[in-house]
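Comments concern the structure below.
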Amino acid sequence: MDQIADGFQIVLDGGQVGYAVQPKEDCPHFQQQDLHELMKFTEQHRNTLFSQPCVQCGDASENWTCMHCREIHCSRFVNSHMVEHNKKSGHQIVLSLTDLSLWCYECSSYITNYLISKASKLLSSIKFNNQEDKKDETQEIKQLIEQISNLKVTNEDEFTYAKLVDGLKNKKFQKVCILAGAGMSVAAGIPDFRTPGTGLYSQIQKYNLPSPESVFEIEYFKKNPEAFYCVAREFLLTFDAKPTIAHKFLKFLDSRGQLLKCFTQNIDGLELDAGVSQDKVIQAHGHMRTARCIECQEEVSIKDFMSHIKKGEIHRCEKCPKKGLVKPDVVFFGEGLPGEFFYSWNCLKDADLLIVIGTSLKVMPFAASVAKVGPTTPIILINRENVLNGRKNLLHLDGDIEENCKKILQDTN
């Protein structure tokens, strides 16, 4: 048996070569809370957990349970429904109900640590030693749950607010990257997309679209351009937003030479209005500075386009033989992102600090940007919802985006 980079190479009978993967002991995506909830789930479903079928196909031959949400899906050797679940949910760690190993999709490795070892031993007792005293096992589960709850993991490398302020104030961070979403512009009077009741998708339900997203789907626009023009008339004609404190925070970083790139999902251009250098801003989902024909790609004045919106007329290209529809240079669902986004994307691996502001990170490929930064790069999440749960070096600043950015500016000036 010879050791290789991530495990051991084993020569089997007959000369065949096999591999034993060495579990990763410092997986940054492991969360004590997830293991705590999994063991509580095991306590409640101990008699049926290991025979539960896949929630999608009903197969029960080889399944995994998600550590984060406890959903059960089949393995890649059946119908790959757990792989699909990982891609859709972003939940990284799963427990095999066959051999009780834990796998992290992000690390692409089996994982272990002190708590996982104790949990695996107890799960093995429950699954394979059915003759043992069930009362004793129940007591062991309760003790492990209590131990997980009480264990305080100390980490000298934990990223804190004090380290953030020190790093910004003393220019220890020289390559700051930003991922900005709609929440950053809410204070400017622009609704975000997904907030129930106030988000744009909630407000346009009155148009009876197949789905709220349909208004921004290119194929739907080609067949029913009236829907987009009606929504644009209601929301774009009253558009008179000014940069917020959050946008001024970006300008602050840029003026000090600390901003590497700002990747924004927003089409409002408020980063540029705040004075951030244009070469530092990547508008991943397009902008409202120009419009063009979707057939011949002829550029059209945005003022001309907006005049058609105001009059309620569908704008068609005058130079195109097909009289193609005109839309602003905003990326619709079904269209590719601008080339500059992908050209600049790799600079995220050079970031020494990543700040994520006001985004749910649900729209791909923008949502995959977080995975581009190095595993040791600290991440600041300024968001009401923690959409990055699992990062060891994550600092989540909950609450109002404007108040958080205002405090950072005050503490670093």
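Glycine is treated like the rest: Cβ placed from N, Cα and C.
The domain 'UBP-type' feature in TrEMBL is assigned to 25-130.
What TrEMBL lists as domain 'Deacetylase sirtuin-type' is 154-413.
Look at TrEMBL and you will find His285 tagged as active site, proton acceptor.
The annotation Zn(2+) binding site is assigned in TrEMBL to Cys293, Cys296, Cys317, Cys320. For Cys320 (Zn(2+) binding site), the number of other Cβ atoms no farther than 10 Å from its own Cβ, over all displayed protein chains, is 16.
Within its own chain, His285 (active site, proton acceptor) has Thr264, Gln265, Asn266, Ile267, Val330, Val331, Leu337, Val363, Phe366 as residues 6 or more apart in sequence whose C-beta sits under 8 angstroms from its own.
Counting other C-beta atoms within 10 Å of each candidate's C-beta, the binding-site residues Cys293, Cys296 are led by Cys293.
Sequence-distant contacts of Cys317 (Zn(2+) binding site), defined by Cβ-Cβ distance under 8 angstroms and a gap of at least six in the same chain, are Cys293, Glu295, Cys296, Glu298, Val300, Lys323, Gly324, Leu325, Val326. Assigned with DSSP, the residues of the domain 'UBP-type' (25-130) fall into helix, strand and coil as follows: 41 helix, 17 strand, 48 coil.
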